[in-house]
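Visitor: I have a structure here, written as structure tokens, and I will follow up with some questions on it.
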Amino acid sequence: MVTSASNITSTHPSVFVLMGIPGLQHLHNWISIPFCSAYTLALLGNCTLLFIIQTDAALHEPMYLFLAMLAVIDLVLSSTTLPKMLAIFWFRDREINFYACLVQMFFLHSFSIMESAVLLAMAFDRYVAICKPLHYTTVLTGSLITRIGMAAVTRAVTLMTPLPFLLRRFHYCRGPLIAHCYCEHMAVVRLACGDTRFNNIYGIAVAMFIVVLDLLFVILSYIFILRAVLQLASQEARYKAFGTCVSHIGAILAFYTPVVISSVMHRVARQAAPHVHILFANFYLLFPPMINPIIYGVKTKQIRKRALGLFSRKDV
């Protein structure tokens, strides 16, 4: 009976082995340089952004509160994967505990979904600010912002909670080698035996639901924004109004462009070398957390002024 119980519970390996970037293992040390630089910039930029927003009462407005949410998400998203990736590149520390792998996967996908939700909320913020400026303070109240944040977290957690439990039930007879730098859902599913159709369908359905639905509402918001901007009397007023959206458009492009390219690559360039797909997947994780603070720091006058003041005081 003991042996039987042991066999039933030991359906998964105690550890998975992350291969890093298959085919480019000999270049791991060199690849780690831009990865480490991007992670350092992400940490420095997002922490600075959070510090500025928290310490300046003038920045406790809806737009900046959403930006603070985005910064927190980017910090968690990059810190979920980058330290382990650098350990693989530098120390060849490729093993990851089975349950640690599931936790990493949960955080990775959950916070990606949260980022999409916050970008959508920021589009709504710009829509209200430009299309209904007189109602801005009455619509985007503190309680609504809190509810939006809670809804973003609830949606992500609800959609991603089933995945670890679904993956626990499989028998992993295809070995412990994951051809990736981190525990991504489909990379783990490929090692499982048995009927994985539900996982495949669920993963695709969630991705399509999030990307298509959120992006559709973002585009719809900007259609209304563009129409409102074009109705303004002077060119200077149009430029100023649309200028407040430039940073958000940059963040949208930084987040969704790698997602769309990676999705197209998986379907169009199936014969491409595995490392091409993995590099695109890594770019999706690295680029937004690194570039978002730069976009908002350069294009947002209040943040730029506070950042310059912060670093100039340090120099003194």
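Placed from the backbone N, Cα and C atoms, the Cβ positions cover glycine too.
Curation does not apply to TrEMBL; its annotations are automatic.
What you see is a predicted model, and the numbers here were worked out from it, not measured in a lab.
Grabbed the feature section from TrEMBL, which reads as follows:
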type     : residues : note
TRANSMEM : 30-52    : transmembrane segment
DOMAIN   : 45-296   : domain 'G-protein coupled receptors family 1 profile'
TRANSMEM : 64-90    : transmembrane segment
TRANSMEM : 96-124   : transmembrane segment
TRANSMEM : 136-157  : transmembrane segment
TRANSMEM : 201-225  : transmembrane segment
TRANSMEM : 237-256  : transmembrane segment
TRANSMEM : 276-298  : transmembrane segment
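Locate each feature and note its surroundings.
Guide: Sequence-distant neighbours of the transmembrane segment (30-52) (same chain, 6+ residues past either end, Cβ-Cβ under 8 Å): 21, 24, 59, 67-68, 71-72, 74-75, 78-79, 82, 85-86, 89-90, 282, 286-287, 289-290, 292-294, 296-297, 303, 306-307, 310.
Residues 70, 115-116, 119, 122-123, 126, 129-130, 211, 215, 218, 222, 225-226, 228-230, 287-288, 291-292, 295-296, 299-300 of the same chain lie 6 or more positions beyond the ends of the transmembrane segment (237-256) yet place their CB under 8 Å from a CB of it.
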Visitor: The transmembrane segment (64-90): which same-chain residues, six or more beyond its ends, come within Cβ distance under 8 Å?
Guide: 18, 20, 28-29, 31-32, 35-36, 39, 42-43, 46-47, 49-50, 53-54, 96, 104, 107-108, 111-112, 114-115, 118-119, 121-122, 125, 145, 149, 152, 181-182, 251, 282, 285-286, 288-290, 292-293, 296, 302-303
Visitor: At a C-beta cut-off of under 8 Å, are there same-chain residues at least 6 beyond the transmembrane segment (276-298) that contact it? List them, or none.
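Guide: Here the qualifying positions are 21-22, 35, 38-39, 41-42, 45-46, 48-49, 67, 70-71, 74-75, 77-78, 81-82, 85, 108, 115, 179-182, 184, 247, 250-251, 254-255, 258-259, 261-262, 265-266, 269, 304, 307.
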